[in-house]
Amino acid sequence: MALTPAVLGMLAFTLLAFWGVALWALARTLRQEGRKVDILKQQNRMDTYSPKALAELREWIEQNPDDPLVDTARERYNECVEVLRQTDTHYYDWSDEEIARLERV
Amino acid sequence: MADVPTKTARAEWGTRFGFLMAMIGAMVGAGNIWRFPYVMGNNGGGAFVLAFLVLLFLLAVPGLMAEVALGRYTNKGVIGAFREVVGRGGMVGFGIVVLLVNVALMSYYSPLIGWTLYYAIHSLLFTFTAAGFEAETFMESFFANPPLMIALHTIVMGAIAAVLVLGIRRGVERLVVYAVPALVVALVIMTIRGLTLPGASEGIAFTFGIQWEYLTFSDTWIAALGQALFSTGLGWGIALTVGSYLREYDDVPLGGGVFTAIGESSIGILAALAIFPVVFAVGVEPDAGAGLAFISLVQVFPEIPLGGIVAVVFFLGFFLATFTSGLLITEVSVTTVSEETRLSRTQTVLGICGGIWLLGLPSAYSADVLDFLDFVFGNWGLPLATLAIIGVIGWILGPERLRLLAVNRNAGIYVGKWWDPVIKFVIPAVMLFIMGYFAWENFGEPEMIAGMFVIVLFPIVGYAIMSVVEGRHGEPDSAGVTGGDD
């Protein structure tokens, strides 16, 4: 059986879809880890949510005030807000305007 | 109790790389090496790859994110994590189900690791390239030697105990950060050797040739489903346990989900590239399982230049793949029992490994027992464990809560609302389908009856044990987290 263009194309696609994605994920997560270590060396604390994830957490807290886990959620939300206000370097892509608009819940 | 040492703070992975390699080391096992390449080639090649990839992203990636996140959120082993979600009482017994399945799995996996150890030792002795060597006779005489099998099973469990006694960072992590890259290097070396042989293109065409019609066959999707779920070890308690040792600022979804699912499958792809070009170049029939590793490949090594060295590389890599899986399967029980009792880690390791060794004797004695247990637990026991873990996340803790509180916290990628219905509905439905499908396929067979026995008995035993144990510590309370979410 010869190596047809279709077989070679599938081989290339498979390598890209598996090894490409796996190596991308490995490199990205190790790079992120390096950045987290650098930030923690500087200021000992770090923001824990991205703007999108924190907004979603706030929305959930407001919509579920009686949920048994709402206190944990509130604690995590407020912790992130405090860190964002008190630190200069942020892990996620927060702008000064976004941080200024944040309020504790 | 003065001589009972106080347990110190919970261990953590020393490095991000250590956590990632532990996940890959746990999930890459014999199936990636001796099953995946054949299943792929036999189910439409490229068509199977597409079906497999879709199911990986649809089920395995979100499922692993959930399991790792539960471990990280609770910072506990299986039983502790269940208790945190369902509250004290008999329902914690579903964690016992996961433990029982893990112990059963390890009881027949340890003898299998012994097989790979035996072949690795013989590869180092260059037995396979010696004059007059007969692969089939060699394997048959090996399988017909129970004392040798039991001795290998004993060595394997002893070695696993020796590593686990050292702990998470000094034992497990220190080994996997070398073993997993060594496995990849071994497969790469074999791939290069295979691809440079005349006739290797036949193997590539068998594995990566595209037969689109296979996408319309239900068998292709069932095979891809089995591979996506079983190969990634989703819901066996391993990801939960490994995730419970994550550090405060560690990410879950990118490393525990995407990298683990796709990375471990990548090793299966690499195994296909390493094995089939060599097999086809020599003109040996492709096969799966013991037939592939212990007969087909062993017949191939004498026929190729540097075959003795290639055999060493392959069997050492194969041994590492199975050994690291065994290590982390055992760690699931060690972590939980150590947390739930006053036993020290060393006492727990010795107790668990001793128990698994004892339970593994029948499988070490007879490969037929091993095959029977593999079929029963592969088709019903492991899906039951997955159902217990994903069920507790989907229907009691609630996927939205877990996503907001643990998955997206310190995350390397954002996970959106699409994830919630996958965890709550899709994965449990798929697991029920798998158990039902295999029960229907094997209706009335002894394996199916044993499988039903596991499905019914394990939850009852788990519930009964935890009802008694939890009752001793006061009145069972209602769950701290109820109702789940949508």
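Quick reminder: no glycine exception, Cβ is built from N, Cα and C everywhere.
In TrEMBL this protein carries:
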| type | residues | note |
| --- | --- | --- |
| TRANSMEM | B:13-34 | transmembrane segment |
| TRANSMEM | B:46-65 | transmembrane segment |
| TRANSMEM | B:85-105 | transmembrane segment |
| TRANSMEM | B:112-133 | transmembrane segment |
| TRANSMEM | B:148-168 | transmembrane segment |
| TRANSMEM | B:175-192 | transmembrane segment |
| TRANSMEM | B:221-246 | transmembrane segment |
| TRANSMEM | B:304-329 | transmembrane segment |
| TRANSMEM | B:349-365 | transmembrane segment |
| TRANSMEM | B:377-397 | transmembrane segment |
| TRANSMEM | B:418-440 | transmembrane segment |
| TRANSMEM | B:446-466 | transmembrane segment |
Below 8 angstroms Cβ to Cβ, which residues of this chain, lying six or more residues outside the transmembrane segment (B:85-105), approach it? 70, 74, 78-79, 236-238, 329-330, 332-333, 336-337, 352, 355-356, 359, 373, 377, 381-382, 384-385, 388-389, 391-393, 396-397, 454, 458-459, 461-467, 470, 473-474, 476-481
Range from B:221-246, B:304-329, B:377-397, B:446-466 with most C-beta pairs under 8 A to the transmembrane segment (B:13-34): B:304-329
Based on Cβ pairs under 8 Å, which of the stretches B:112-133, B:148-168, B:304-329 lies most in contact with the transmembrane segment (B:221-246)? B:304-329
Under 8 Å, at least three CB pairs between the transmembrane segment (B:446-466) and the transmembrane segment (B:148-168) (pairs 6 or more apart)? no
List, by number or range, the same-chain residues at least 6 past the transmembrane segment (B:112-133) whose CB is under 8 A from its CB atoms? 30, 142, 148-149, 152-153, 155-156, 290, 293-294, 298, 301-302, 307-308, 311-312, 314-316, 318-319, 321-323, 326, 364, 370
Stretch winning on C-beta pairs under 8 A with the transmembrane segment (B:349-365) (pool: B:148-168, B:175-192, B:304-329) is B:148-168
